[in-house]
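*Asks:* Copying in the features that TrEMBL gives for the protein in this structure:
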- 15-25: compositional bias 'Basic and acidic residues' (COMPBIAS)
- 123-133: compositional bias 'Basic and acidic residues' (COMPBIAS)
- 387-421: compositional bias 'Basic and acidic residues' (COMPBIAS)
- 230-353: domain 'Calcium uniporter protein C-terminal' (DOMAIN)
- 1-25: region 'Disordered' (REGION)
- 110-147: region 'Disordered' (REGION)
- 379-427: region 'Disordered' (REGION)
- 268-288: transmembrane segment (TRANSMEM)
- 300-318: transmembrane segment (TRANSMEM)
Amino acid sequence: MKTPWQREGSQIPPVKRERNASAMTKEKLLTTPSRLLKLILPVTTKDYNGDRKANRTKDVEPLALLLHSQQPLSYLEHLIQAEVSPITDNNSHLRPSHVSFLTVEVEDGTIQPRRPKAMNYVDDSKDDEHDSPEQDEEKPLVATRDSQIAQLRNIPDEKDGITKDPETAHETETNIDADTHVLRKGSFVRWSSSTEIGDLIRDAARVKEFLVEIENSPLDKIPVAVPSFNDRTYYLRMRLRKLSKSLKKLAIIKQECDMLAHRGAQRVALGGLGVMISWWYIVYKLTFETPYGWDTMEPVTYLVSLSTLMGGYAWFLYHNREISYRSALDFTVNRRQQKLYQMRGIDLQVWESLIEEANALRREIKTVAEEYDVDWDERGDEEDERVTEALKHERRQKEKREEAEREHQKEDERKDEDRPLKNKGGV
């Protein structure tokens, strides 16, 4: 019998042991308030499993990289290559490690990997010996998404029964590794380095992860969790809600001012109608019930009507407006609104800037919702119907202005094209 100091491996410190490389993985993709993406990735080309007394390095500290969705994958590849040590090729030359980005190949919106044998394995040769109702039940051929992700990460599904026998567990783990290797080999596609990061995220969002494979890395394929729609748009929606609260306070006051301005304009219009009716009554009285008669009142009514027409035309020319009732009504409403806004302390520049920023945030959230194929209801984050209507009104006005500018630009281009033809005809 050997003494403890003569046994095999007695020279190896007890703290030196093989550590699982998966313990170092803390990989995920996060969003930041600056609208950039923060990728947390453990990058290393060797495992630090030395003596902890000599080397107190624990898990590899993950690397944080700030990315933009419109940057190509080659940019991310170069960032990762700059952080890992180069490797030696067959010619003893140093070169950077190859970095690949993989996603699950989805067909018809459903992931259909090969059925794992370790979980639901049934020996056909023993069917006659062990016939039971439980074995006769059909088992699903398509795994659920949670079970698939568990298989891709070499994690057994919680719903499947796993024996606690160490030997059987070891055999099951071996079979899982083999099936997972085949599954990854056949179910994943590699993305070109010229592809934008946003396109990769858009495709990987359906299974909520993608893989990063670094050459000569002990971590093998590193699964990176893709943020959900709520996580991706968290800061955008929080900013939109904050703006909506500010807009709500202004919208209540602005709506009251607009209603008062429209009522004032209507009163002005009714006042003008009253003046016309009064003038008609005076002319009638003076013409038929006084000694002045038609001979005197005819030139008076003619001169008064002509003077009113000339005054109105001069007013439209001075204010550079179209000669119409709508134009005069809008002018009256705008003048009244400006006075009421000043009285209530509303700054239109602040209002317009808040509206523009809120619409920009809404547009960004809509873009992300299209990437994730999610129906986003903006009324839940805008929090008030008045704010929603104000944003819609501003978008319609912007579309009208852009349409008018396009029409004006087309008209200028047509004029420019007609000028050379006229010059040739004149020559």
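Glycine too: its Cβ is placed from the backbone N, Cα and C atoms.
Here the structure is a predicted model, which means the values were calculated and not measured.
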*Asks:* Below 8 angstroms Cβ to Cβ, which residues of this chain, lying six or more residues outside the transmembrane segment (268-288), approach it?
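*Replies:* Answer is 294, 296-297, 301, 304, 329, 332.
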*Asks:* Counting only residues 6 or more past its boundaries, what in the same chain has a CB within less than 8 Å of a CB in the compositional bias 'Basic and acidic residues' (387-421)?
*Replies:* 244, 247-248, 251, 254, 352, 355-356, 358-359, 362, 378-379
*Asks:* Which whole number is the mean pLDDT over the domain 'Calcium uniporter protein C-terminal' (230-353)?
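*Replies:* Here the mean pLDDT over the domain 'Calcium uniporter protein C-terminal' (230-353) amounts to 85.
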*Asks:* Looking only at the domain 'Calcium uniporter protein C-terminal' (230-353), how are its residues distributed among DSSP helix, strand and coil?
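*Replies:* Final tally across the stretch: 111 helix, 0 strand, 13 coil.
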